[in-house]
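To keep things clear, I will list the structure first and then write my remarks on it.
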Amino acid sequence: MLQQRTIKTLTRAVGVGLHSGQRVELTLRPAAPDTGIVFRRVDLPEPVDIPIRAESVVDTRMASTIGVGGAKVHTVEHLMSACAGLGLDNLYIDITAEEVPILDGSSASFVFLLQSAGVVLQNAPKKFIRVTRPVEVREGEGQQLKWARLEPYHGYKLRFEIDFAHPAVDSTGQSVEFDLGSGNYTRDIARARTFGFTKDVEMMRASGLALGGGLDNAIVMDDYKVLNADGLRYDDEFVKHKILDAIGDLYIVGRPLLAAYSAFRSGHAMNNRLLRELLAHEDAWEIATFESERQAPSGFAAPVQAW
């Protein structure tokens, strides 16, 4: 049986929110089988649980935000990407502010935290959402076109293409394909950082956003080049971060996907639209479990490689 996973012991992190600049503490705790991933706003007078699911997404401007009632948690995608990359099904995430800390701008710190806590198997079958027919969302035309698609696939692979007319981006790969079953998430994807332009950062800060952003937690570019002294972590770090984001955005569906995802210029909003489009058509998906590892997609039974 392909089993569900949680962490062995609790672990903690402290950082600042990318947009709020607020200090925030995270406590990641083990959870029982079939709990799913649940954020808990412990800073409120009465703690509020916000479970991860597509309909919990209440805002997709600049990040993926989930909420219940008036309680929200912003910028969940990097932590969700780490959970997906490690195959974690069940987790409580206690948080003391309304935004997940940005840490180094990638998923690497979250992967390290979770692997340090230990990943353990649970006595319950892992439940996948298996895509059974193609689902697509599109927006715009010509140079404004963007789209995202899910198609049937015995496994989970992602292909993303970006289109940035910038010298620093043009000199790197604008498309990448990654198969989560390879077991190479930590090596090939997790370290890819969020990126932005100095002119956009200045405008965002004037609007009260990106207050916690800087060269230590993002790739920052002027009109011509990357400003970070250490350069890029991957030759194609820009598009790999888009894959990282997509893995996190799509994990908000609440279960691991079995599908081939492809996208052109997609972002948080379109990824969530794609999930909602999928769930709205009951003939497009089904719940799948695997009684034997031989039936399961390649690589899904093995633990993800450590650093």
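Here the Cβ of each residue, glycine as well, is placed from N, Cα and C on the backbone.
As recorded in Swiss-Prot, the features of this protein are as follows:
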type	residues	note
ACT_SITE	His268	active site, proton donor
BINDING	His78, His241, Asp245	Zn(2+) binding site
>> Please identify which of His78, His241, His268 has the densest Cβ environment, defined as other Cβ atoms within 10 Å, among these recorded positions.
In response: His78
> Cα distance, His268 (active site, proton donor) to His241 (Zn(2+) binding site), nearest Å?
Replying inline: 12
> Taking the mean position of the Cβ atoms of His78, His241, Asp245 as the Zn(2+) site, which residues outside that list, in the same chain, have a Cβ no more than 8 Å away, listed in sequence order?
Replying inline: Glu77, Ser81, Ser106, Ser107, Ala192, Arg193, Thr194, Lys242, Leu244, Gly248
>> Suppose we draw a 10 Å sphere around the Cβ of Asp245 (Zn(2+) binding site). How many other Cβ atoms does it contain, all chains included?
In response: 24
